[in-house]
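Undergrad: For reference, the structure I am asking about is given below.
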């Protein structure tokens, strides 16, 4: 049985179109909806987000991020023996986006590929799942991707949500290792909070029934998020006998700078040890954590041997944390 699972490569991709708060405010003003850069930044910390063009799907973004991660890992793509894609905006109802990614990457070894849906907690759930596959000894190189095109499900008549979300993808290659990698993970859910963050529309007979756009009770999400993120982060640290002062970097889900700062403060972690990309990426749901990870790896902040705490919270309500050593 394999002892550890370790990240050996990271990658990310953002659609070229960057939409600033000023540009978005001008677009919304044409619809009679008032907002401003100051209003958005003060409530979320977001200054810009990237949105995909109409012909771009989650798999398109995922493949770009995956190619970077595989190159960084220095392995042949045919050595990937499992693909897990975390997404809430799949290309189709079925087949899975993971299968589409497999084909687009030219991986012909018939490895299993499946999607995992836990909204903004998706990447944490997927990484923890991949870790279990590797530790069981059944797989050696798992491609884990978070990818979203949330711009497709935004209600542009609701200024409280349409200004928050962006599109993008992040990926890692998680491989069997004799060195410590994933140290611990913790995951939870509470279905009694389904209604506070959801897309209530349904697909039946090829038609959408109900509201096809994202709905969020921001205040309820904020209250729950800060509470559960602190608890699940401590749960993961305690499982690995790691204290907050031993954590080099915190990578929270990039949803809202106030939630992120509140969580870091409760954990006793200084702001300079938190990776924050929300100002430039917006909330990219399952893509936010791997996007932030790749940014910090490539700019040299996160280096081999660093201890990294990732935590996410999303619709469901779902939440989770992964503690790892790079």
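Every residue, even glycine, has its Cβ placed from backbone N, Cα and C.
Residues annotated as active site in Swiss-Prot: 120, 253, 283. Per Swiss-Prot, the feature region 'ACP-binding' maps to 254-258.
Burial and contacts for the listed features, if you can.
TA: Under 8 Å, Cβ to Cβ, and six or more positions away along its own chain, residue 120 (active site) finds 253, 255, 283, 285, 286, 288, 312, 313, 314, 315, 318. Secondary structure at residue 120 (active site), as computed by DSSP, is helix.
Using a 10 Å Cβ-Cβ cutoff, residue 253 (active site) registers 31 neighbours. In the three-state DSSP reading, residue 253 (active site) counts as coil.
In the three-state DSSP reading, residue 283 (active site) counts as strand. Other Cβ atoms within 10 Å of the Cβ of residue 283 (active site), summed over all protein chains shown, number 24.
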Undergrad: Averaged across the region 'ACP-binding' (254-258), what pLDDT does the model get? Just tell me the whole number, please.
TA: 96
